[in-house]
């Protein structure tokens, strides 16, 4: 062992340099957030939990065109259309999304001609059972009613890119 190596090991230079490096980072502001209590802002293009929207008069937007069902690569959407109404329009009788299969690609949202199906701002929807991840029309409409303000704002902010 050389004299230089012996001096370095006796004086603990590596230990001291590592200690000062640690102290330098110890007093800097932390780059992480305290997650459950603080949340980062999400992008207007964020794709979270699905929702069905309504028109301002309360009528559901979905016209049962089944484009979202056709374009879904995971085949997670099931739609049954009701009979035509007197005014010639159709509405859905059944609108189910299997969130276990869903890959959150956003193709259903892009395919919808009336902005009925959207992916909302919620990303915290963990459940205890798989059955809770099978969303029916009532659950999707409730999600849409709950987040209508946030969804409308996100669509407005994203309008130049559509």
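Even glycines carry a Cβ here, placed using N, Cα and C.
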Checklist entry - If Swiss-Prot says 62, 65, 68 bind [4Fe-4S] cluster 1, which of 105, 112 does it name for the same site? => result 112
Item to check | Rounded Cα-Cα span from residue 68 ([4Fe-4S] cluster 1 binding site) to residue 108 ([4Fe-4S] cluster 2 binding site), Å | outcome: 4
Checklist entry - What is the average pLDDT across the domain '4Fe-4S ferredoxin-type 1' (52-82)? => result 95
Next on the checklist: Please report the Cα separation of residue 65 ([4Fe-4S] cluster 1 binding site) and residue 102 ([4Fe-4S] cluster 2 binding site) in Å, rounded to an integer.
Outcome noted: 20
